[in-house]
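Participant: Below you'll find the structure I mean.
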Amino acid sequence: MAGYNLEAIEAAPLKEDVDIVIPTIRSLDFLEQWRPFLKHYHLIIVQDGDPSINIRVPEGYDYELYNRNDINRILGPRANCISYKDGGCRCFGFMVSKKKYIYTIDDDCFVAKDPSGKEINVIAQHIKNLETPSTPHYFNTLYDPFRDGTDFVRGYPFSLREGVTTAISHGLWLNIPDYDAPTQLVKPRERNIRYVDAVMTIPKGVLYPMCGMNLAFNRELIGPAMYFGLMGEGQPISRYDDMWAGWAAKVVCDHLGFGVKTGLPYVWHSKASNPFVNLKKEHKGLHWQEDMVPFFQNLRLSKESDTAAKCYMELSNMTKEKLTEVDPYFEKLADAMVAWIEAWEELNPPVDGKDVKAK
Ligand SMILES: O=c1ccn([C@@H]2O[C@H](COP(=O)(O)OP(=O)(O)O[C@H]3O[C@@H](CO)[C@H](O)[C@H]3O)[C@@H](O)[C@H]2O)c(=O)[nH]1
Ligand SMILES: [Mn+2]
């Protein structure tokens, strides 16, 4: 696609502009294998669970590490908005970063190979996805027209070919797919071995189940809407952290005129979490998603909400108003959403008194 120097994006991995956020309750040994691709980047590690455990960060990495004591110290009374004993604690890392882009990855994901056997540079592909426009208003049947060797197909209106700024790049997984507990239970041996060489824009008005395992986004544009909710210990729900963030961030992107892509790059997801444990953690979410998804599908944000933070405050009011009838938990979640935005704004004061506004 003319006008975008994809070679240059590949050669320059934007190391000054990207932070890598890793939530972990296990070990960081997986970083040994990632060294060729991740060693140039700054890591923000969010250690979940017992803060007295010392976790080892493999040699040579530049990193910040936060445990629960650090989160409590930095956020004070607002620390309650960060989940405990749930991968959703990763969003604390989004808040303390100062970079334009975030790449977040789970600690059981490894370097995947493309069908030619070449190791996949996840950051290079996510940056390509993010630095080229999305096309949410009309579907291109040859997928992302901004990739090398393809373009807009016949019948694609020229007025729409400029596209919109991309805010989210959702990458996929080989080996262990991101299934819910019931699907894991009935297909314990299923593995994803299908490498689909495609990136596509998720159309405007369409929601999707966003997985936090291999995800990149522009935190300047959409960071405040990437709240992974209030889940885990002390809450009636877990493992819907990324789902909540994905639904909210998509409606905010649609409202502000930003795009969301899904597809490449792949990671190799190594570990199947225990489906029985997952069922216990997820069962309320399995019921509530039948209400949460229509809630996000039907809501309309106001014209006055012209930044991600303002949209998110409006979403918090709507959550309280509409979802509390599903369960009183949603009132707590709505309050946590407000605390999240207040904490975000304290740690990320608007530059020159201004937030990033919609186009
Ligand atoms: O209490 C916890 C549990 C986990 N983590 C860290 O979060 C990620 C993902 O955890 P895990 O690999 O156990 O979960 P999966 O089922 O394979 O992954 C999917 O579930 C999602 C919902 O939480 C998650 O985003 C998906 O990728 C690992 O890094 C764990 O160490 C944690 O911090 N606290
Ligand atoms: Mn996993």
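In case you wondered, yes, glycine gets a Cβ from its N, Cα and C as well.
Keep in mind that TrEMBL annotations are predicted by a computer and have not been checked by a curator.
Dumping what TrEMBL says about this protein:
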CARBOHYD  ARG154  N-linked glycosylation site
SITE      ARG154  site 'Required for activity'
SITE      ARG161  site 'Required for activity'
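Please situate the listed features within the shown structure.
Facilitator: DSSP assigns ARG154 (N-linked glycosylation site) to coil, not to a helix or a strand. Note on ARG154 (N-linked glycosylation site): other Cβ atoms within 10 Å of its Cβ, all shown chains, come to 5.
On its own chain, ARG161 (site 'Required for activity') has PRO145, PHE152 as residues at least 6 apart in sequence with a Cβ closer than 8 Å to its own Cβ.
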